[in-house]
Amino acid sequence: MSLKTERLSPTRMDILFYVPNIIGYVRLLLLIIAFLLMENPEGFVLLYSFSILLDFFDGWTARKFNQCSAYGAWWGWLIVSIEWITFVGNHQAGSKWREVHAKANPQKQISPPEFVQKIMANGFKTWRGAWVIAGLHILPIWIYAMRNGITDLFLPNFINYGVAIILITGRVQCLACEMWCIQKHVKELLEEDTDK
C-alpha cells in the first residue's frame, strides 16, 4: 500500500466560498444596490461601474487560486443577466466554449460565421472583441449617464451621441453573436435527441 498524499476534492461549501464566487456575490449585491439608487445618478453609476470592473477579476482569481469550478462559471454568467441564455447554450461545450464556438466543428457540421470567429478570436482580445464587450458592459451605463445628464457635465453632445452609436453597434454585434450561439446550441440539442 502506498503512502501517497491524495488531494481531497473540495466540498460544496468550499466551492460556494471560492474567491471568484465571492466576487460574484459582491457584484450581485452592488447591482441590487445600484438599481435601488436609480434616482441617485452618481451612486448608480459608481456602483454599476464597480460591478463591471469586478467582472474582469473573477476569472483571473479563479485561475490564480486554482478555483475554477462549474458553479463559478455558471454564477459569473448569471450575474451578467441577459447573457445567461447564451451561457446555457455554451455550457455544453465546457470550459473551452470560446474556442469551440470560434472554430468550425466538422463532426457536427456547424461552423461559426466569419463575424463570430472575428469577435471571439483570441478570447475577445482583439479590437472587435473589445468593441463588442464595451457594447455589452458600458452601453447600459452610458445610456443611463446620458439620460441623467452626467455626460453633459464634461462632454459635448456630438461626443455623447458618437460614443453611444459606437457602443450600440458593439452591442448589436454582441447580440448577433449570442443569437448564433443559442441557435447552435438548439441545433446540437435537437441533434442529440435524434441520435438516440
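Just so it is clear, glycine is given a Cβ too, placed from its N, Cα and C backbone atoms.
For reference, TrEMBL has these:
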TRANSMEM  15-37  transmembrane segment
TRANSMEM  44-62  transmembrane segment
TRANSMEM  74-93  transmembrane segment
TRANSMEM  127-146  transmembrane segment
TRANSMEM  158-177  transmembrane segment
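Under the criterion of 3 or more C-beta pairs below 8 Å, with sequence separation of 6 or more, the transmembrane segment (127-146) and the transmembrane segment (158-177) qualify as touching. Remote same-chain partners of the transmembrane segment (158-177), defined as residues 6 or more beyond its termini with a Cβ less than 8 Å from a stretch Cβ, comprise 115-116, 119-120, 128, 131-136, 138-139, 142-143, 146, 151-152. Note on the transmembrane segment (15-37): residues 43-44, 47-48, 50-51, 54-55, 57-59, 61-62, 65, 67, 69, 71-72, 75-76, 79 of its chain, located 6 or more positions outside it, place their CB under 8 angstroms from a CB of the stretch.
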